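Worksheet: the structure to be examined is printed underneath.
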Amino acid sequence: MATATLDKAALSRLFTDYSLEITPKDVEALENAAHMIPPGTLISVTFLPGAEYEDRARAAKRIQELGFRPVPHLSARRLIDEADLRTYLDMLKGVIDLKHVFVIAGDPNEPLGIYEDALALIDSGILKEYGIEHCGISGYPEGHPDITDEKLAKAMHDKVASLKRQGIDYSIMTQFGFDAEPVLEWLKQIRSEGIDGPVRIGLAGPASIKTLLRFAARCGVGTSAKVVKKYGLSITSLIGSAGPDPVIEDLTPVLGPEHGQVHLHFYPFGGLVKTNEWIVNFKGKQGI
């Protein structure tokens, strides 16, 4: 697929301060990709089942050692109680300069402990107590398969209000998607409602079509025939791979002041090295 030529200033703004995400198992891949990543880049550490606190803390420590800024995830429904949360935060403070976290409800349908959702954890006041200065929260431009749009909107406003009361800066990181249109509509909507914090638009790094469609199905991301064709995917053929070029090409010309501060967040489903090679090559082709 040919790369469209985009406005350099607009594209440069979009790529400024982009962020990445890793699992605790990706430390070696991060070391291999580190030379391609700008110093100070925000790199999230997921809170998924199958990893221990020590594994997550070790990954966060390595991120900082490599010159990047670690953003540990806190999955509210996977935490048993306050002591459990403090155990992890204490462990993190012992190995990194803990200033930035990302709080999400998490995937269990029923909480494993006392935190019903992300708001419950934020409202606890523990983040402020531990010196957290910035908290990321989730955004869903295409909605959530298990939560109504009304509940999603209320939850976002409640979390933003709680963080502002506590003097903690916030940003919103969105679910990944293949279509720019719902992202743009959602941005206009939240800005009109007074949500003024930075937004990190989630994009899937280059990956096999099979992998992208699997993650889309798991996350409730739209894969209509029109959307997947434009993205370079095929529902009938799982051969080949695709990258986020089409979404960026659609976003860049139309993002304006009414959309607020916008950055990119890459989910490296096809591998961290592959994602960063794509970023370097894309920026090189565009001359930014």
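Here the Cβ of each residue, glycine as well, is placed from N, Cα and C on the backbone.
Taking all protein chains in view, 23 other C-beta atoms sit within 10 angstroms of the C-beta of Y140 (FAD binding site). Sequence annotations record features per position, and here Swiss-Prot assigns FAD binding site to A51, H73, G106, D107, A118, Y140, H144, K159.
If you look up Swiss-Prot, you'll see D107, Q175 marked as (6S)-5-methyl-5,6,7,8-tetrahydrofolate binding site. DSSP assigns Q175 ((6S)-5-methyl-5,6,7,8-tetrahydrofolate binding site) to coil, not to a helix or a strand.
Its Cβ placed at the centre, Q175 ((6S)-5-methyl-5,6,7,8-tetrahydrofolate binding site) has 19 other Cβ atoms within 10 Å. Taken from Swiss-Prot, the feature NADH binding site applies to Q175.
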Integer Cα-Cα distance in angstrom, G106 (FAD binding site) to Q175 ((6S)-5-methyl-5,6,7,8-tetrahydrofolate binding site):
13
I need the least crowded one of these binding-site residues (A51, A118), counting other C-beta atoms within 10 angstroms of each C-beta.
A51
Using a 10 Å cut-off on CB atoms, tell me which of the binding-site residues H73, H144, K159 is the least crowded.
H144
G106 (FAD binding site): tally of other CB atoms within 10 A of its CB:
22
Could you give the Cα-Cα distance between H144 (FAD binding site) and Q175 ((6S)-5-methyl-5,6,7,8-tetrahydrofolate binding site), in whole Å?
9
